[in-house]
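Feature annotation from Swiss-Prot assigns chlorophyll a ChlzD1 binding site to 118; the stated evidence is sequence analysis. Marked as pheophytin a binding site by Swiss-Prot on the basis of sequence analysis: 126. Per Swiss-Prot, [CaMn4O5] cluster binding site is recorded for 170, 189, 332, 333, 342, 344, and the stated evidence type is sequence analysis. According to Swiss-Prot, the feature chlorophyll a PD1 binding site maps to 198. Per Swiss-Prot, the feature quinone binding site maps to 215, 264, 265. The Fe cation binding site feature in Swiss-Prot is assigned to 215, 272; the stated evidence is sequence analysis. Per Swiss-Prot, site 'Tyrosine radical intermediate' is recorded for 161, and the stated evidence type is sequence analysis. According to Swiss-Prot, the site 'Stabilizes free radical intermediate' annotation covers 190, on the basis of sequence analysis. Residues annotated as transmembrane segment in Swiss-Prot, with sequence analysis given as evidence: 29-46, 118-133, 142-156, 197-218, 274-288.
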């Protein structure tokens, strides 16, 4: 008998890199989308931390009145933010090399664009990485589909809305109070509370929280006990077991009698599909609503007040909401314009003496 020994060809450095990148045995899966995700998210995180701590004031309104957002310039964790790019930049791409100097780039809010652009690329890479990992494990792709909802929401407030409004200065500041300021101004300018897509988003988020709490409490209340009374019920289960952990029939029967029969699910797959679908679709609609309002397709405006036969105003909640919107609009960007256009366009009325009808 003759034994033939062949010399094993060593894989090239590129082949070994490809094998390592796509291996599902790594402690953290990287994948080809991870090659995009990791550097972009690291860049966004690093620049955000530096800018939040030490960035100089930014001329956000383009009127040579810089606004300080960093900790070293007098802010705290609540008031601090990375200030959006200047209105003088508009929606132009503004990398470091487009500025005459680093000081000019910082003064015009360049870090905001750098952070937002890298962050959006990074979270898109995260979606792709979730799909890629699921594909290599033979799983279905719904995890990545669900994550498109928060990515759509982030894209709406950081990219689509500024483009629609004509300037990245209208984007959401990267900070706690800056986020609240963005929400208030958005309400004043677009009446988002009266937009049906935002209302669907509220139903999605609050409904998803309710359904999650209901499902979790029903499951933990109907566990199938595999241990004695002297042992913890947790010892009766192991990860990946074939047997069911809880009794869905008991949970279904309880909930069906608590509310009514058809309010509960008797199919586990349908139940969990619904639990995933409800909040995701709600957030999709919210993101779509932000994108439509970016181009000034706003929420419902009931601008014509209800009046009686004598012409006197009958105050409704719509009147209160309109007044609140006008008040917020007067307060924001107070130095950028002398008076909001929708207040300056009508005839001057003695507001302190009468309650005028709000006419759009």
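Backbone N, Cα and C atoms are what each Cβ position is placed from, and that goes for glycine too.
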Report, as numbers and ranges, which residues of the same chain sit near the transmembrane segment (274-288): CB under 8 Å and 6 or more residues beyond its ends.
142, 145-146, 148-150, 152-153, 155-156, 197-198, 200-205, 207-208, 211-212, 215, 265
Can you give me the residues near the recorded quinone site, meaning same chain, not 215, 264, 265 themselves, Cβ no more than 8 Å from the center of the site's Cβ atoms?
214, 218, 251, 252, 255, 271, 274
Six or more residues beyond either end and a Cβ under 8 Å away: which residues meet both conditions relative to the transmembrane segment (197-218)?
251, 254-255, 271, 274-275, 278-283, 285-286, 288-289, 292, 299
Considering only the binding-site residues 118, 198, 215, 264, 265, which residue has the minimal Cα-Cα separation from residue 332 ([CaMn4O5] cluster binding site)?
198
Within its own chain, what residues at least 6 apart in sequence put their Cβ under 8 Å from the Cβ of residue 265 (quinone binding site), listed in sequence order?
252, 271, 274
Looking only at C-alpha atoms, tell me how far residue 215 (quinone binding site) is from residue 190 (site 'Stabilizes free radical intermediate'), rounded to the nearest Å.
36
Cα proximity to residue 190 (site 'Stabilizes free radical intermediate'), best match among binding-site residues 118, 198, 264, 272:
198
Long-range environment of the transmembrane segment (29-46) - Cβ separation under 8 angstroms, sequence gap at least 6:
20-23, 114-116, 118-119, 121-129, 131-133, 136
Could you tally the C-beta atoms, other than its own, that fall within 10 angstroms of the C-beta of residue 190 (site 'Stabilizes free radical intermediate')?
24
By Cα-Cα distance, the member of recorded positions 126, 161, 264 nearest the residue listed as 'chlorophyll a ChlzD1 binding site':
126
By a 10 A CB contact count over all chains shown, which of the binding-site residues listed here is most packed: 118, 198, 272, 332?
198
CB contacts for residue 161 (site 'Tyrosine radical intermediate') [other CB atoms within 10 A, all chains]:
22
Can you figure out which of 126, 198, 264, 272 (the binding-site residues) comes closest in space to residue 161 (site 'Tyrosine radical intermediate'), comparing Cα atoms?
198
Work through the binding-site residues one by one (126, 189, 272) and name whichever has its CA nearest to the CA of residue 264 (quinone binding site).
272
Which Cβ among the binding-site residues (170, 189) has the fewest C-beta neighbours inside 10 Å?
189
